[in-house]
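A.B. asks: Dropping the structure in here first, questions after.
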Amino acid sequence: MDSVASEDVAVNFTLEEWALLDPSQKKLYRDVMRETFRNLACVGKKWEDQSIEDWYKNQGRILRNHMEEGLSESKEYDQCGEAFSQILNLNLNKKIPTIVRPCECSLCGKVFMHHSSLSRHIRSHLGHKPYDYQEYGEKPYKCKQCGKAFSSCQSFRRHERTHTGEKPYACPECGKAFISLPSVRRHMIKHTGDGPYKCQECGKAFDRPSLFQIHERTHTGEKPYECQECAKAFISLPSFQRHMIRHTGDGPYKCQECGKAFDRPSLFRIHERTHTGEKPHECKQCGKAFISFTNFQSHMIRHTGDGPYKCKVCGRAFIFPSYVRKHERTHTGEKPYECNKCGKTFSSSSNVRTHERTHTGEKPYECKECGKAFISLPSVRRHMIKHTGDGPYKCQVCGRAFDCPSSFQIHERTHTGEKPYECQVCGKAFISLKRIRKHMILHTGDGPYKCQVCGKAFDCPSSVRTHERTHTGEKPYECKECGKAFNYASSIRIHERTHTGEKPYECKQCGKTFSYSSSFQRHERAHNGDKPYVKNVGKLSFITQPSNTCENE
C-alpha cells in the first residue's frame, strides 16, 4: 500500500473559490481537515498538534500569496477587498498587517509571507531539512532530557523550558508566568473574558473550540474516555493518557523515592514536593503554604469567597466545577465510588483508592524519621507532627500537637476523662465515634472483616490483622533497650517511657507527672473526690482499679 501524504487528502481552494464560501463552510473545512489529519495519525503518521496548525497556517499563507498576486495585477483595490477580508476571517494570525510584503527566494523565485518561511525554504536548496510541511514524520529536534522529538525548533525550545523551569512570559494582571506566548494569551482570557468561545453556564471564555468542548463536559458530566483497566472515565484524552501511566508505569518522569511515573515535568516537580516537603506557594493572609499553585488558588477562595463555582446549599466557592460537585456530596450523602472488595462506598475516587490500600496492604508513604509507612499522604503528614511538634493545635497538658481540631478535641478527652459516646447495649462509654463503632461490632458481630480462627468481627483489615497476633503469638514491635516484644505499636511506645523516664501527663493542681494517661486520670479523680469505677454485679457494688496491663488500651 502506498504511503499517504497530507497533500493527498488536503483540499486547496483558489482565492476566487475561497471568497465564495460562507463562514459556516469555512468552519466545516477547518474541522474536516483537522479530523482528516488525526485519522492519518491513527494509521501511522505521527506529528504534534502544533504541526497540524502550522500546516493549516501554511495553507492560509498560500491563499494570501494568491491574494498578493491579485493585488499586484489589479489597479483597483476594491476588486479584491471583499475577498481579502474573508480570507482574514481564517483568524490564523491576527497580527498580519493589511498590506503584506512577500519575501521572494532569489534561487527559484518562490514567494513567502515571512522571512522565517523563506529561511526554511532556502535550507531546502542547501540540502538541509530542519522542517518540511510535507514530511510530517520528520522530527529532527530531539530533547536530551526525555527523548521527545519535535519537527520545529520553536516547539523544541518551548518544550525545553518544561525541564529548566524557565517561564519568560508573565501575566501583567496577576504575575503568573508561562513558558510560551500562546499560553499567556490563553491565560489572559480569564482576566479579559474576551475569548471567542464562551461558556453559557459559567461565562468562562476560551480561545480554542477543543478547550471549550472539554470545559463544557465539566458541566454536563460527560466523560467519553474510559480506562479498560479500572473503568474510570475522563473528560479529555490528555487526562486519560496521564491516568494510564498509573497502570503501565511508562511515564518519562519517574520519582526516585516511590517509583510513581508522570507524563509532564510540571506534575513530576509538584509530586517531588510531597517527599521534600517544599511548599513554594504561601498565603500572605494566614501563612499557610502549598505545593502547587492550584492548591494555593483553592485555598485563597476561602479568604475571598470569590470562586467561580458555588455550592447551591451553603454558598461555599470553589475553583473548579469538579470540586463543587465533590463538595455537594457532603450535603446529599451521595457516595458513587464503591470498593470492589468489601462494598464500602465513598464520595470521591481518591478516597476509594486510599481505602483499597487497606486491602492490598500497600503503604507508599514512609516517614523519613522512623521508617513507619502509611497508606496516604495526609496520614504521614499527621504522623510527622509527632516528630516535629509543629501542628497548629497543641495540647496544654502534654504538649502533643495535632493538624486538625477534631483530632485535638478527641485527644483532650484522654486528659479530661470525657466520654460522650455511650453504648446502649452495655453502657460502656468512648471518647470518639470511631471507637464506639468498633465496639458495637462486638455486640452485632456484623463487621466486614472476620478472624479466621475465632470469628470475631472488625471494621477494618488492619484491626483484624492486629487481632490475629493474639492467636499466632506474633509480636513485631521489639524494644531496642531491653528486647521485650509487643503486639501493638502503642504498647511499645508506652513501654519505652519506662526507659526514658518520660512523663507527659502533668496534674494542673499539684504538678505531679505521670507516664500513663490512666494513672493521670485516677490521680485527677482523687483531687475531685470521685470514686474510680463502680461496677454493679447483681445486688453487689464494688470499686475496682484498672490493671496497669490495660493502660495502653
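Glycine residues also receive a Cβ, built from the backbone N, Cα and C atoms like all the rest.
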A.B. asks: Where Swiss-Prot marks SUMO2 cross-link, which residue is it, choosing among Lys45, Lys95, Lys312, Lys438?
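C.D. replies: Of Lys45, Lys95, Lys312, Lys438, Swiss-Prot lists Lys438 as: SUMO2 cross-link.
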A.B. asks: With Swiss-Prot as the source, which of 10-32, 309-331 is set down as zinc finger?
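C.D. replies: Among 10-32, 309-331, the range Swiss-Prot annotates as zinc finger is 309-331.
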A.B. asks: When the zinc finger (477-499) is classified with DSSP, how many of its residues are helical, how many are strand and how many are coil?
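C.D. replies: Grouping H, G, I as helix and E, B as strand yields 11 helix, 4 strand, 8 coil.
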A.B. asks: At a C-beta cut-off of under 8 Å, are there same-chain residues at least 6 beyond the zinc finger (253-275) that contact it? List them, or none.
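C.D. replies: For the zinc finger (253-275), the far contacts come to 146, 162-163, 165, 241-242, 245-246, 291-292, 364-365, 377.
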A.B. asks: So if I measure Cβ to Cβ from Lys438 (SUMO2 cross-link) and keep only same-chain residues at least 6 apart in sequence, which ones fall under 8 Å?
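C.D. replies: Phe458, Asp459, Ser463 - these are the non-local Cβ neighbours of Lys438 (SUMO2 cross-link), listed in sequence order.
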A.B. asks: For the zinc finger (449-471), find every same-chain residue at least 6 residues outside the stretch whose CB is under 8 Å from a CB in it, and list them.
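C.D. replies: Counting only partners 6 or more residues beyond its ends, the zinc finger (449-471) has Cβ contacts under 8 Å with 342, 358-359, 437-438, 441-442, 487-488.
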A.B. asks: Taking 141-163, 225-247, 365-387 as candidates, which has the most Cβ pairs under 8 Å with the zinc finger (169-191)?
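C.D. replies: Comparing 141-163, 225-247, 365-387: 141-163 has the most Cβ pairs near the zinc finger (169-191).
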A.B. asks: Mean pLDDT for the zinc finger (197-219), as a whole number?
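C.D. replies: Looking only at the zinc finger (197-219), pLDDT averages out to 84.
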